[in-house]
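These notes are about the structure you will find just below.
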Amino acid sequence: MAEPKIIELNNGSMQVKVSNLGCTILSLSVPDKDGNLGDVVLGFDTLEPYQKGLAPYFGSIVGRVANRIKDGKFSLNGVDYTLPINKPPNSLHGGHKGFDKAVWEVAEHKEGEHPSVSFKYHSHDGEEGYPGDLSVTATYTLTSKTTLRLDMEAVPANKATPVSLAQHTYWNLGGHNSGDILNNTAQIWANHITPVDQYTVPTGEIMPVKGTPFDFTSEKQIGRDIQQVGLGYDHNYVLDCGDEKDGLKHAAKIKDPKSSRVLDLWTNAPGMQFYTANYVNGVVGKGGAVYNKHAGVCLETQGFPNAINTPNFPSVVVQPGDKYIHNMVYEFSVE
């Protein structure tokens, strides 16, 4: 049984602390316009609060299937599967003990100019109701001065299974303790979203964002139209119009006007949950900082939510011997 530990990746320009508990990004420090390092990730100073379940998925990788599965049910190859209803009436982020609560094995840790760490996890047949054994690998690498890359892979051993992993970090480019993100700007390379029912499950429709509060095709303040979407944004964006670089699509760009920090996210995933921390309320985090509603923004690239029950969504089923591959590049800069 692996022990939870903290591993630091540092290339002299940026510093990232991660844990094999849920492959969690605990902190990520990058310079602002004056060269001052700031930690731009919500989280805790020690592993204990994560172990106690006090974090609403802060920094972790969620799976076997990210987001919601309607009524915690699906059928595959003629078999009906029932999952834990951990977010009634649905199953969320892999169930009661998803990948975010697992202690992964530290498979490799490299230092130097491009420091990296690889985590491995073996998910067994029937775990949280899912079919078949699944071998999962997640590797964090500092690929340049201020760029973090995450490569996720999963191979089913013996049965077809839905797989959709997501990185659930809450970002605040002004610094984790700088208040809400409503005056940050966002641009999302998505002409459509998947609208949801009252329980945040997609209806199956693919809706154009043009002329709606969901339109981030041009840079705009996150808070500008947020009052028009209920509690805030918590929607899957269809990444259908981003430019490509090294086989990845431009998904999102977030900018903090005060620090001038910018985050550009690139991915090969078809969708991205854009979530404005609507349910965060009075969480006491690093250095005693109190995180409230809209204290961060999540950019969870993913398969579409409830895709396993929605035939017109891209399939999230992976066959035995095939490989699920999900890449994300977080490029930090100032402008």
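A Cβ is built for glycine as well, from the same backbone N, Cα and C atoms used for every other residue.
The annotation active site, proton donor is assigned in TrEMBL to His168. The Cβ of His168 (active site, proton donor) has Tyr57, Phe58, Gly59, Ser60, Ile61, Val62, Ala66, His93, Asp100, Cys298, Glu300 as same-chain neighbours under 8 Å, each 6 or more residues away in sequence.
Per TrEMBL, the feature active site, proton acceptor maps to Glu300.
Residues or ranges marked as beta-D-galactose binding site by TrEMBL: Asn67, Arg68, His168, Thr169, Tyr170, Asp234.
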Cβ neighbours within 10 Å, counted over all protein chains: which one of the recorded positions Asp234, Glu300 has the most? Glu300
Please report the number of other Cβ atoms within 10 Å of the Cβ of Tyr170 (beta-D-galactose binding site). 28
Within its own chain, what residues at least 6 apart in sequence put their Cβ under 8 Å from the Cβ of Asn67 (beta-D-galactose binding site), listed in sequence order? Leu92, His93, Ser164, Ala166, Asn236, Gln273, Glu300, Gln302, Pro305, Asn306
